[in-house]
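Annotated features, as they stand in Swiss-Prot:
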{"type": "DOMAIN", "residues": "35-275", "note": "domain 'Radical SAM core'"}
{"type": "BINDING", "residues": "CYS49, CYS53, CYS56", "note": "[4Fe-4S] cluster binding site"}
Amino acid sequence: MITKSEALDFLKFNSINPILEKLEDINTRNSSKTITFSKNAFIPVCNWCRNVCGYCTFRAEDFKLLKMEEMKEILIKADVFGCREALFTFGENVDENEKVKEELKKMGYSGILEYLYEISAWCLENTNLLPHTNCGILSYDELKYLREVNASMGLMLENSSERLCSTIAHEKSPGKDPNLRIEMIENAGKLKIPFTTGILIGIGETLEERIDSIFEIKRIHEKYGNIQEVIVQNFRSKPKIPMENYKEPSPVEMFKMIILSKLILEDISIQVPPNLNRETGQLFLMAGIDDWGGVSPLTKDFVNPEAPWPDIEELNSFSKELGFNLKERLPVYEKYIAEEWLDKKILEKIKK
């Protein structure tokens, strides 16, 4: 078991030897040499958000709320493409926007969650896709409601430091209060919801705050056991964002953080988005990642539209170059496919 002080020493140390020692440890553990991915369809239900993060291009004041028929059309096409995950995403607390609320009301819905529930239920009944929702902070009761129609859910912790709430990254984002995010991840644990979370590297956090964030995720998982994967995501600069001129984390920073995440989190899968790491993703296989996350043959990454997905053949090719077998998975990991973790109708659908 690696301690916080040992982790900090590792991040600060500039010699290659500690890295090589940790790599040997990781590669000894990962005897299966398997890396997974989920073939998905990314459905941006609505791109308004109450948060205005310094690194985000997803949010738009002139928002678009997808119509029910538009979402069904995407899902039908995704089914033809063989996708198994429907990633439903929208900005946090979109109901705070009166214009969004009015549009939903005209369509006969009391709010965005009722709208989401209906399309998720339709997805389960009419396609081979399984819903996975990531829409910001939700209450215990809201999580319980959506559990009925989701195979898994997600929320990035990003960082456990309250200090970042007063920085350019999160000063206009009340939903990025780490206490709110930790509470939601814990509530998902109480409700037995298979969960994806992660950390964001390069938004002004210190090395200590990176380590604290990973240990916080470990604490939650040891208590509830619901965290199926952790994303180690690198900040990427984009034109016309407040953080446009911020320095991106170096490949070595990412490499070290992936190594630590794998050693600290042990049996939790570690994911790095391949579209944000096209030049370095292959090297991160050696650092301990065992999942590429969602990759879509149909839709773009609406959060990072400038970064196209690699095609599955490309993923397979550079996974094999390092001796890794690429394996498709569902949005819920195999060890969570059980009555304890899934609503009955979702479990039955998976087992068919």
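Each residue, glycine too, has its Cβ placed from N, Cα and C.
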Report summary line: Row CYS56 ([4Fe-4S] cluster binding site), column other C-beta within 10 angstroms, all chains, value 18
Report summary line: Within the same chain, the residues at least 6 apart in sequence whose Cβ is under 8 angstroms from that of CYS49 ([4Fe-4S] cluster binding site) are CYS56, PHE58, ARG59, PHE90, GLY91, GLU92, ASN93, VAL94, GLY136
Report summary line: Listed in sequence order, the residues of the same chain lying six or more positions from CYS53 ([4Fe-4S] cluster binding site) whose CB sits under 8 Å from its CB are ARG59, ALA169, HIS170, LYS172, SER173, LYS176
Query - Reported mean pLDDT - the domain 'Radical SAM core' (35-275) - result: 97
Report task. List the other residues in this chain whose Cβ sits within 8 Å of the Cβ centroid of the [4Fe-4S] cluster site residues CYS49, CYS53, CYS56, in sequence order. Result -> ASN51, VAL52, TYR55, PHE58, ARG59, GLY91, SER173
